[in-house]
Amino acid sequence: MQLTSFTDYGLRALIYMASLPDGQMTSISQVTEVYGVSRNHMVKIINQLSRVGLVTAVRGKNGGIRLGKPADQILIGDVVRQMEPLTLVNCSSDFCHITPACRLKQVLNQAVQSFLKELDNYTLADMVKDNSPLYKLLLVE
């Protein structure tokens, strides 16, 4: 299973924010600069992360973005659930004539659930804790 770039960059943005000192604000421009992604794409990603409570956005002169809750409370599996369309196959009877007897959808759904269950073993904090090589790459001190 390959994650969409939307989810990929959502995770990267969260990792960047988690690598900052607790509560420190950053900007969408800073995140886009670090990862080399378009500002327009990142705005959409941050809006989605904000809608689901993973990011807090503050407007104004001293505004910016930061994690919506502590990094140790953000499960990687939950992020993927919030960002990723998890339907692997299109099983409508209009599309596929074997749908009434097909077992593939159930198998694929079980695989997705196993994938998410494994991701639930890790938090955003696990991605950044004691990871000085990451801090250097992100230019975070």
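Yeah, the Cβs are placed from backbone N, Cα and C, and that goes for glycine too.
The DNA-binding region annotation in Swiss-Prot covers 28-51. Annotation comment: Swiss-Prot describes Cys91, Cys96, Cys102 as [2Fe-2S] cluster binding site. For 2-129, the entry in Swiss-Prot reads domain 'HTH rrf2-type'.
Spatially close to Cys96 ([2Fe-2S] cluster binding site) yet at least six residues away along the chain are Asn90, Cys102, judged by Cβ distances under 8 angstroms. Take the binding-site residues Cys91, Cys102: by the count of other Cβ atoms within 10 Å of each Cβ, the lowest one is Cys102. Break the domain 'HTH rrf2-type' (2-129) down by DSSP state and the numbers are 71 helix, 11 strand, 46 coil.
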